[in-house]
Amino acid sequence: MSGWHHRHILDLAAFSREDYAAVLDLAERFRSLPVTGARKLPALQGRLVATLFFEPSTRTRSSFELAAKRLSADVQSFSPSSSSLSKGESVLDTARTYVAMGADVLVVRHRSTGVPQQLAEDLESAGERTVVLNGGDGLHSHPSQGLLDLHTLARHFAPQHPMPEALQGRRIVIVGDILHSRVARSNLWALTACGADVVLCGPPSLVPDAFRAFVEAPPPGQSADPVPQRGSVRVERRLERALPGADAVMTLRLQKERMTQQLLTGLERYHRDFGLSHERLSLCGQPVPVLHPGPVNRGVEMTGALLDDPSICLVEEQVRNGVPIRMALLYLMAAAESAAESTLVSISS
């Protein structure tokens, strides 16, 4: 892993195809652990991973904690309801407390954009060795979700070699509340960097035209043409125009808790116009998988029948892929050398 250069993982904007390949390759090797009979690796033994989730979470938090434990790390969970935040302690001071306890990795989720980056900058200024992994911040980014979605699609398209090139030239349709979705933004960076063409579909109030130019500007520190054959982004207002020719469809939850004004006329109308069903998917012209980052609102983003159809819906596969992807990220950040490297080599041989 000598080519890995991301000390903190705050978003996917500056990830190269080589970075995506490194994560997916490790995740594939970690997926093989149950097959080999090994439930845990000593890769992060003696390391402390602290999950600082200032927002509710089921999948992401549990997945990160299980990933850390499977790498033999110690895990310390933070709960806002029983913390000193209720006594006026700041987020920064809370994070510093865990650093003082010896945390090697802080996995941070917060409703405000930029909090993980602020913590990373504070740690750098203080000369601390602790690294920050963004578990989701505001509307900005959810890098591990973008990576596990990429992994899920790569495994679907190329199960024998699920690497970034499996997405080259694929058409991925993302439907729903793009405006309030950090998942959508992370998927846009990951999918287009790997050569997929993305179609965003939803009403103007939830999919502003500004998203057409989402990937036109080069990522920070890269040239104007950083990735060969980078994918495109286009916006459609009707599912009937978005779905034909699709290779996969991702639908997103309506994030009513983040909506500051009335952006929808009603859930029934939304489902009528943008809800997925078996019948609607026939417009793709071929069998396609359906993804959703969860939690799913049955009968809104998709029908219950579609959600319960394992031949089409990959929601549970996304959850399964979350653990090896997060194992890969924790490994790359905290133990990309010495004994952990030799452990991985022995597994892959």
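Just so you know, the numbers here start at 1 and follow the chain as drawn.
Heads up, the Cβ atoms here are built off N, Cα and C, so glycines get one too.
Residues or ranges marked as carbamoyl phosphate binding site in Swiss-Prot (evidence: sequence analysis): ARG59, THR60, ARG109, HIS142, GLN145, GLY294, PRO295. Around the Cβ of GLN145 (carbamoyl phosphate binding site), the same chain contributes THR60, GLY136, ARG182, VAL183, SER186, ASN187, PRO293, GLY322, each under 8 angstroms and 6 or more positions distant in sequence.
For ARG253 (L-aspartate binding site), the same-chain residues that are 6 or more apart in sequence and have a Cβ closer than 8 Å to its Cβ are GLY176, ASP177, HIS292, PRO293, GLY294, PRO295, VAL296, ASN297, GLU301. The L-aspartate binding site feature in Swiss-Prot is assigned to LYS87, ARG182, ARG253.
Same-chain neighbours of the carbamoyl phosphate site beyond ARG59, THR60, ARG109, HIS142, GLN145, GLY294, PRO295, judged by a C-beta within 8 angstroms of the site's C-beta center, are, in sequence order, SER57, THR58, GLY136, VAL183, PRO293. A coil conformation is recorded for PRO295 (carbamoyl phosphate binding site) in the three-state DSSP classification, outside any helix or strand. Look at ARG109 (carbamoyl phosphate binding site): DSSP puts it in a strand. Highest Cβ count within 10 Å among the binding-site residues ARG59, HIS142: HIS142. Sequence-distant neighbours of ARG109 (carbamoyl phosphate binding site): residues of the same chain at least 6 apart with a C-beta under 8 Å from its C-beta are LEU52, PHE53, PHE54, GLU55, SER57, THR60, ARG61, ASN134, GLY135, GLY136, ASP137.
Under the DSSP three-state reduction, GLN145 (carbamoyl phosphate binding site) is assigned to helix. Overall, the recorded carbamoyl phosphate-binding residues ARG59, THR60, ARG109, HIS142, GLN145, GLY294, PRO295 cover a maximum inter-Cα distance of 16 Å.
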